[in-house]
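These notes are about the structure you will find just below.
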Amino acid sequence: MRIGLLTGGGDCPGLNAAIRAIVKQGLGEYGHQIIGFRNGWKGVVDGDIQPLERQHIRNVLSMGGTLLSTARFHPREEDGSMDAVLQTLEAEKIEALICIGGDGTLHAASKVADAGVKIVAIPKTIDNDVAGTDLSIGFHTAVNIATEAIDRIHTTAESHNRVMVVEVMGRHAGWIAVNSGIAGGAEIVLAPEEPFDMDRVVKFLQHRHKAHANFSIVVVAEGAHARQGSSMEYEVQLGKYGEIVAGAIGERVAAEIQARTGFDTRLTVLGHVQRGGTPTPTDRILGSRFGVAAVDAITAGETNVMTALQGEDIVLVPLPEIAGRVKQVPDDLLRVARVLA
Ligand code: F6P
């Protein structure tokens, strides 16, 4: 079979492990051809192909990023790019397409599947907010990076008697904030799942600093927002493409804390550091398992599905069921972050 492959949306560590597994399983086990498209859906529109052979996947397991490159681009019917996708797939005789991506890429994949293309999706996003899977590629590494950063910030916070606000990624869900906050021993974690009340944040910090400490760590997810009607009016700041403006909520939270408590406060925005560098073993293994499962599924004729981790098992979930849904942090995990503060 001729199988197409793309990585779309934001990059993350572990993508190359998945690509490598797809090439090894596809070529070695079944004798398929794997045709990579550069720059995600944009490469399909442009017919920008990269047939993948064994030499392309040498020494890539520990490399961050994606050897196929990626782009924030989604085909749409309105501008003819959906037609262009279908034309390229036909011209290149692609019999099935593996799409590795987060919510936007998978939503587009579902639409392309509706147009009759055989699709198998693989979830990746450091935000870990794809529904139907316990883990997405990249999340584990991002939590490691954020935790290490919080550990480092801890010592400087303590030395200077400061409040340190750490902004992490997470547009619609606070998985990185909650997990790195718990692991790094943050005093306060602000996540999109629970709109916060700045009065309570301030009271908590004042109490803590009076009672037993003179420094604090506050972890804020970029998509966190203040509760409506509470003492801090805040509208989520969106950029040109509807993306969250990095640093906006962190800056505001740090400024409010400084102004209301008088405590010396600093902000660190971790930003794309969380998406770069070498993947953890967990992400390498997850990417490898998803890659093998995707090729197996296509070969067995199971398409319009997404590979998913559920418990210990890799399973296939129907793509239409997960496209457009956001997996948020469950209450019990949010509670642990609260209890330990
Ligand atoms: O990939 C998801 C994500 O990491 C979000 O948390 C963040 O808002 C976004 O990517 C940033 O994207 P970009 O690299 O396009 O600025």
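Each residue's number is its place along the chain shown, starting with 1.
Every residue, even glycine, has its Cβ placed from backbone N, Cα and C.
Remember, predicted model here, so these are calculated numbers, not experimental data.
Site annotation (TrEMBL): ATP is bound by Arg72, Phe73, Gly102, Asp103, Gly104, Thr105, and the candidate from Gly10, Gly14, Gly26, Gly170 recorded at this site is Gly10. When the CA atoms are compared, the binding-site residues lying within 10 A of Arg275 (substrate binding site) are Gly10, out of the candidates Gly10, Phe73, Gly104. Of all the binding-site residues listed here (Arg72, Arg171, Arg275), it is Arg72 whose C-beta has the fewest other C-beta atoms within 10 angstroms. Proximity of the binding-site residues (Phe73, Asp103, Gly104, Thr105, Arg266, Val273) to ligand 1: a Cβ under 6 Å from the molecule is found for none of them.
Considering only the residues assigned to substrate binding, Thr125, Ile126, Asp127, Arg162, Met169, Gly170, Arg171, Glu222, Arg266, His272, Val273, Gln274, Arg275, the longest pairwise Cα distance works out to 32 Å. In the three-state DSSP assignment, the secondary structure recorded for Arg266 (substrate binding site) is strand.
Of all residue pairs in the ATP-binding list (Gly10, Arg72, Phe73, Gly102, Asp103, Gly104, Thr105), the one with the greatest Cα separation is 12 Å apart. Counting other CB atoms no more than 10 Å from each candidate's CB, the binding-site residues Met169, Val273 peak at Met169.
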